[in-house]
Each structure stands twice: as structure tokens, then as C-alpha cells.
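Q: The structure is given below, and queries will be raised subsequently.
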Amino acid sequence: MSDISQQMNNLSVQDNNKPNGNGYSGQPQQQSGRRQYVPPHLRNRSSHQPSSNGANGDIPFGGSRRSDYGGGRGGFGFGGGSNGGGSGPSGGYRNGGARGGSRGGFGGGRYQRPTPGVGRWVDGKHEPAPRNDRLELELFGVAEDTLFQSSGINFDNYDDIPVEASGEGVPEPINSFTAPPLDELLVENIKLSRFTKPTPVQKYSVPIVAAGRDLMACAQTGSGKTGGFLFPVLSESYMNGPAPIPESTGAFSSHKVYPTILVMAPTRELVSQIYDESKKFAYRSWVRPCVVYGGADIGNQIRQLDRGCDLLVATPGRLKDLLERGRVSLANIKYLVLDEADRMLDMGFEPQIRHIVQECDMPDVQDRQTLMFSATFPRDIQMLARDFLKDYIFLSVGRVGSTSENITQKVLYVEDEEKKSVILDLLNANSEGLTIVFTETKRMADNLADFLYDQGFPATAIHGDRSQYEREKALAAFKSGQAPILVATAVAARGLDIPNVSHVINYDLPSDIDDYVHRIGRTGRAGNVGIATAFFNRNNKNIVKGMLDLLTEANQEVPDFLNKIARESAFGRPGRGSSRGGGAGGFGGSRGGANRDFRRAGGASGSSSSGWGNSSSSGWGGSGNSGWGNSNGYSNGGGSYGGSRSSFNDNSSYGNPSSQNSWW
């Protein structure tokens, strides 16, 4: 980190012509003379061959030229690759077992050849499939391949993160991945993934789910939340098997799937990532993962579902569509997972989620286990839990809503007209590794990516107006290092876990401090170190108080201009900090109490760790069942958050979440 700090200290916003070790400079270059960035996992190979699917050194990145950039991922494609967003059949998760007694062939008693890597549930016992070297290479890579890395050099630091679990009868945490309590097959897959020890959220989630309890987990971004729900629900599924098909539907129906596990998340990138992880941990088991999301051909997704689906990862809009078409039944759901739950509500998905959970054929809250995971859980989201969870355990890991000390944060005062000059200096000074640049609008993302390309920097862009094919190509090119600079809107700000991201630049700062936290969380993940640089000016003074709190909490340097603007804002516009919970210090001193269990003391903060105050099992300090929608921090937001957060839909890449044509 000393070298990085030295580079930052030597940074000049005036010198645009400074060359670096990779030959980049502020002046335009011929692309043919540019040295291509080679990611760490490819550096020891004899040659770095680009993708054969259209991504090579001759294909440019900028503007319409960038639309041809990158290549589709073969094998286990990102979100299905060329299969249009389905759970691509090349992965070996085609048919597996069936919905009959022995799960030996799907639909109508047809005989189908066993699929490599897919086990069976026969006569009440789990029969794992034989190991398959080809699938293991595709799923887990090789030991030195950091594209599949699972831990960083500071991973042991997580042992010092404080954990607070509230609720009655909290089980003791685990300290290692062992069988028991985990299923033996899952432990083998975890070892293949090179996970050496559980993160704090995983230490608690495994015994909590094994005890049959519901869970609300609030943990730092990059702290292993995906494994926190996949590990326990898959382990329990391997040991207990699938539920029988409801008799009223016919045991051999080939037109509807009956998943055991449902995972809902807000964006297609996040569900695709969860699906990729689920394939690793479901390897050789009877559980067949599938993924569905908007923006891809629904016909292809239906065909993938018809081949069998036991774990369904979905965005709310596409799942609602498939339910209405009669292609998915939720009657057999044992485990419901809501990932990034706060963001799903922020984006207006509450009506769709309530319809799926409460109005379809999903088992009642008493007959399923529900897990809610996110980086933040403000009070309005916790209040929603009264309808979705029962007797749950609230888990708060670390300083929830704050940032990791593994991330070195730098805040630079940059006027809007100087931003392009400064970003060239930044990229010249820190040319190694992958860089994500965040903008507030789709137009700016394209404009900046074109500008960087014209200046000799291999950049690509993703946002909501890009087709799914273009987005998959851009992400694949970025992860492979062929385009080591990714310009993105908020579509990539949450949940995506891309290894080797060493630098995050907030070219445009968001209006919500929580969004800033999630953006910079794309680096410094799983114990690795990273740099986050923010371009700040007086147009961003609405979040200055929140930024001061974050920098102080993470022991980061606070520039003098930030303190000065904060004092000015305090006189001119008192009380404007974070847009949630009334700014910093609202409840429990963590921006609205995002890491507090509001069941304590009838919904008030600051209570002791023992007892539940005056709140009942279903009450929230006297709040009625319908009161939460208008009592949250989004005035006029109601259920869709449209009144006070209209700028979110205007400037983000999510589009209109209520539209049937949206990409969810």
C-alpha cells in the first residue's frame, strides 16, 4: 500500500502527458501499439490468447465500435451466454433427476441419459454423481487461477470483526467447514472452490438455518453473503431431499417446475452471479440450478426450466411473468432467499415481491424458511420483515453500512469541467489491475468510455440501455482483462463480485451515501485491498456529512475541503446527511440504525442486548401492518418510492421497474 500511497501523493491534475509503465499517456495513441493488460491469472501462461468469440486485439472499444467488443463465455456462460439467459445446457445441469420417486428421468417416464455432474435422490437417499474433470475445470479453475479466487491476503482480518446476533436461542457459530454440520458433498465443493474458512456471516448462517430459524443478515459488502445463504440451504437440501409433487398437479407434469429453493435479487447481473456460484456448490448433487431474468428470450428460459429446476434464481419481474404463464409453481418452496432486499424495495419491486410471496402458491411463512440478506437494513426494511419472516434471528456483522478498512479512500476536489483531465492522470498513475468508473447517467457512461478509448485506454461500458448480449460481452471482456476499464452506471454497483478490481473511481458521486458505500465495495472484497477515488465538488454537498462519517469510521484521511463544506452546509442546510433515517446518528449512530434490530424495546434503539422491550412477535413498537409504507424515510414514497426518488429512475440504468417491458 505504500507504493499506492506514493503514487496518489504524486498525482498531478495538470500533467496530462505523463507516460506510465504500460505506455499509456494522456495523448491519443494508436491502438495497435498498446500493450494489452494481462490479468494475474493469465500472466504465467506462455501466451495470452483472447477469446475466440469476437474479442481480440483488433476489435475496438469505443462507442458503436465497443458494441462489437468482447466475446460470449463458453461452457458455463454468464447468465447462460448464448442461450439467452437460461441455465445453459453446456454446464451439465440439463435433466439430472426427475420429479418422480427416484428422480431418474424428467417428465412422462421418458428415459434420459444421466447428465454429467448431476446426482440423484433415490429411495430417500442422496446419490452424488461421479466426479468430472472437465466440469471441475470449468467450475473451479486451477489453484493459481485468481479469476476463481475466494480469499485475499487480509482474509484473517475478518476474525476481528464484531458480530451481534439478536433473538431467542441463537445457535453457536461454526468455526470451520466440516461435516457435520454441513453435508459432506457440500464440504467437498467448498474445498474445490478454495474457501478455507467461513466468514462471520457464514459462521452464523449455517447453524441458524440448520436449526430451522429464519434469518435477517446485515453484513459488509464483500463479506460472503452469497455463501451465507447458499451453504446452509444447499446443505439442508442435500440431507433432506426434494418434496413430492403436489397430487393435484399430476406427478409427471412436464410443463411446470417445482423448485425447492427460490432466490430473488434485483438485477440480472446479480442473479447471474448467484447462479454461477450455485453451480459450483450444487456440483454432483441432485439440485439443479436455473436462472431467469428480463431482457433475455423467455422462450429459451422456459426450455431450460423444462429440463429441471430445483434452485431458482430470479428477478421479481421475470418470475412473476413465468408464474402467470403457469411454468413455475412455488408450492414446494422450502427456502426463500431475498438478496439485496433493501435495493429491491428502493427500485419499486415491493408489489411484485408481495404478490410472489403472499398471493401465489408459496407455502405460508410458518411452513418455509426465509432468509433476507443485504449490506444495509434501514428501519423500513426491517419492518417489512414482520410479513415475510417468523421468529427470526437478526445478524449484524461489523460496522454495517460503513466501508472496509481494506479500501483506501481518496476524495479529490474536482470541478465538472476538469474531471476528464483528472481521470486520465489517475489511470496513468494506477494502470495495473481492473478499474471500475461509475457515472450517474447512461449518456455519460457511453461518452466517457468513448473518450477513454480515444485517449488510448481500453474501456468498455455497461448500463440499462445495453442489450443483454452487449452487457455479457462487456463484463466478460472486463473480467478477462481485455478491457481493464469498465464505465458503469448503478446497474453494476451492487452485488457483482469481480476478482482483481483494484480501483473504483466515482466520476459522478451518487445522491445517496449508501449508494456510495455499495459502489466502492466493488474493490477490497473478501479481504483484498483496493483504492476508491471520488471526484467531489459543491454539487455533492448533500452527502458531505455522510462521507465525513464514513471516512472517519474507516480510519481514512479526511481532506480539509470536506470539513469546510460540511461546516458551510451545517449553517445553510441543517440536517441533510444521508437520505435514510434522518442522516448519520439517527438510531444507534449508524445512519438510521441500519444495523440495529428494531424489535428491541418496541422499535427504539439503544436498548440492551437482552429482552425484547414491549414489542410482540408481530408488532413493531405499535406500528400497524399497513403503516410502514408511509412511515419510512422516503416521504411520498409509499410502496413504489416514486415521489421522492424520481431522480433515481431518471439517472440510473434500471429504467422503469413497474413496466412489463423492463429488463427484470
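Note: Cβ is positioned from N, Cα and C throughout, glycine not excepted.
Straight from Swiss-Prot, here's the annotation block:
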type     : residues : note
COMPBIAS : 1-18     : compositional bias 'Polar residues'
COMPBIAS : 19-37    : compositional bias 'Low complexity'
COMPBIAS : 69-110   : compositional bias 'Gly residues'
COMPBIAS : 574-592  : compositional bias 'Gly residues'
COMPBIAS : 606-618  : compositional bias 'Low complexity'
COMPBIAS : 648-664  : compositional bias 'Polar residues'
DOMAIN   : 206-395  : domain 'Helicase ATP-binding'
DOMAIN   : 406-566  : domain 'Helicase C-terminal'
REGION   : 1-129    : region 'Disordered'
REGION   : 569-664  : region 'Disordered'
MOTIF    : 175-203  : motif 'Q motif'
MOTIF    : 339-342  : motif 'DEAD box'
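Looking at the shown structure, can you explain where the listed features end up?
A: Averaged across the domain 'Helicase C-terminal' (406-566), pLDDT in this predicted model comes to 87.
DSSP assignment over the motif 'Q motif' (175-203) gives 13 helix, 0 strand, 16 coil.
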Q: Counting by DSSP secondary structure, give me helix, strand and coil numbers for the motif 'DEAD box' (339-342).
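A: Final tally across the stretch: 2 helix, 1 strand, 1 coil.
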Q: Cβ under 8 Å, sequence separation of at least 6 from the ends of the motif 'DEAD box' (339-342): give me the contacting residues as numbers and ranges.
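A: Those are 225-226, 229, 263-266, 270, 274, 372-378, 381, 384, 494-495, in sequence order.
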